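For 18-42, 63-80, 128-149, 251-273, 279-301, 335-359, 374-399, the entry in TrEMBL reads transmembrane segment. Sequence annotations record features per position, and here TrEMBL assigns region 'Disordered' to 433-457. What TrEMBL records for 446-457 is compositional bias 'Polar residues'.
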Amino acid sequence: MAGEEENQAASLEQTSTWAVAVVVFVLLFISIIFEHVFHFLTKFFSRKRKSLNQALYKIQSELMLLGFISFSLTVSQGSISKICIPKSKSETFLPCDNTKDWSNFDEEASCKEKGKVSLLSREAVDHLQYLIFVLALFHVLSCIFTFALGMAKMRRWKAWEEETKTLEYQFSNDPRRFRLTHQTSFARRHLRFWSNHRILRWPACFIRQFYGSVSKTDYFILRHGFIMAHFAETSKFDFQKFIRRALDKDFQVVVGMSLWVWILAIFFIFFQAHGFYNYLWLPFIPLLTLLLVGTKLQVIITKMCLESRDQSTVVRGTLLVKPSDNLFWFGRPQLLLHLIYFILFQNSFQLAFFTWTWYKYGLRSCFHRKTEDIVLRIVVGFLVQVLCGYVTLPLYALVTQMGSSMKKVVFTEQVIDGLKNWHRIAKRNVATSKHNSIHPSRDTSNHNSLYASREPSPSYTLDYSIYPSSEPSPSYKVDNILSDEKELEVAPIDNPLSPNKDEKVQNAKNKEIYNGEVTFRWQNEQRRYGVTE
């Protein structure tokens, strides 16, 4: 008894107050540094890449969730260790092939009296906390590295987008020029002897994803097909900026950890048992899935080229491909994003588990006794990271825009919030008018006269450079988000209805580039044009 008291650790009441104060100060100092780092990143992204603020918010949410999980495990540590199970059950599905020697373990007194063992010892609960934290950290770092590598490769797309504004590009793609389909560079790249055979098409597309996965020709043709499907032929839409905003939106999805991802983590932990020989098959699941996704994306480009050839053998200007959801698995382009999410998470789990076991138990622990296990986990893990970021991600960012519908990131966040608020106000006004028609009151005439005195709701059109017509509509801007206290006033920026013909021609030449960002502006002056409902 005396020996136990001598070996017992000092409690807080037996510890110097200056030591406690120093530890608390260091923890608070580190927390304040992290808070300032996040604040700086928020301000930086607000100036440079505002669409990444939501991803940063998700990372903060994940850290808060990890803190809650760690707190829950700490509080329930004693209760978990007091859950008793038979010794025979605890000897099943072990990560190592050797049996337990119970004389080397300190069990809870309540379980030892019953001849049983704890479900999880206190030390095992501590190790589990570290494993969960390392897993989440590796997942976030893996997503950041992958998307940074993909964005680095897609930087050349900006120069390609600028090239579409040159006279040389406009001359080579003049709609008045006619060519045979097989004479175009896009057809020469994708219409080969293997294109019409499904058995040969998939192996050829599998090999193609490793060299020149996204060529300049592919970018120009898919850009042209996207603009023709959603805008006008003469539109100067900035396709590269649109892809960048769409990829930022997808990053917000991938960087988070949803419920089904945590369920996958549970299964991965379960399959670490020795009897499953997971080192022979588990590291290859993200690699095979990644290669399958990249092959499918190349097949989609080839199919679009085949459909264009079947529709017409003569091309006017540029070969036209038609976006369609039917080109994707189950008609869902978003499914490819979830597969990339699965690939990044499982690969980050492999690397996180290897790093954690190496740090905690050593390189030659029972988790990694064989050399091939260590080599496979390291080589396959880094190979998946590089292939996903440098090969598959740029291909995904381009091809997934070829769905039937256009992503809402074509509008800015301010416009989306303003339109949602406007829609909410309109629904409330409709509900109020229906209520008044069913239950008329004495002041109905005053109420109707009040609404009649208001000017009609404005209708909005995009820049006339997108929808050319003989008399283009004016474009509008709104800087503030719509609210209940303000009345919407619309003022055209330009006057396209000017009677001066020379001015019309000059305005047509100076058309602004529409980059998918529709904005609005408050103005309290009298409207110069009549706007109908």
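Placement of Cβ uses the backbone N, Cα and C atoms for every residue, glycine included.
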Listed stretch, out of 18-42, 63-80, 279-301, 335-359, that has the most CB pairs under 8 angstroms to the transmembrane segment (128-149):
335-359
With the transmembrane segment (279-301) as the reference, find which of 18-42, 63-80, 335-359 contributes the most Cβ pairs under 8 Å.
335-359
Count, for each of 18-42, 63-80, 335-359, the Cβ pairs lying under 8 Å from the transmembrane segment (374-399), and report the range with the highest count.
335-359
Sequence-remote partners of the transmembrane segment (18-42) [C-beta within less than 8 Å, at least six residues beyond its ends]:
12, 53, 56, 60
Is the transmembrane segment (335-359) packed against any residues at least 6 beyond its ends, judged by a Cβ distance under 8 Å, and which are they?
130-131, 134-135, 137-139, 141-143, 146, 250, 253-254, 257, 261, 264-265, 268, 272, 282-283, 285-286, 289-290, 293, 296-297, 328-329, 365, 367-368, 374, 377-378, 380-381, 384-385, 388, 392-393, 396, 400
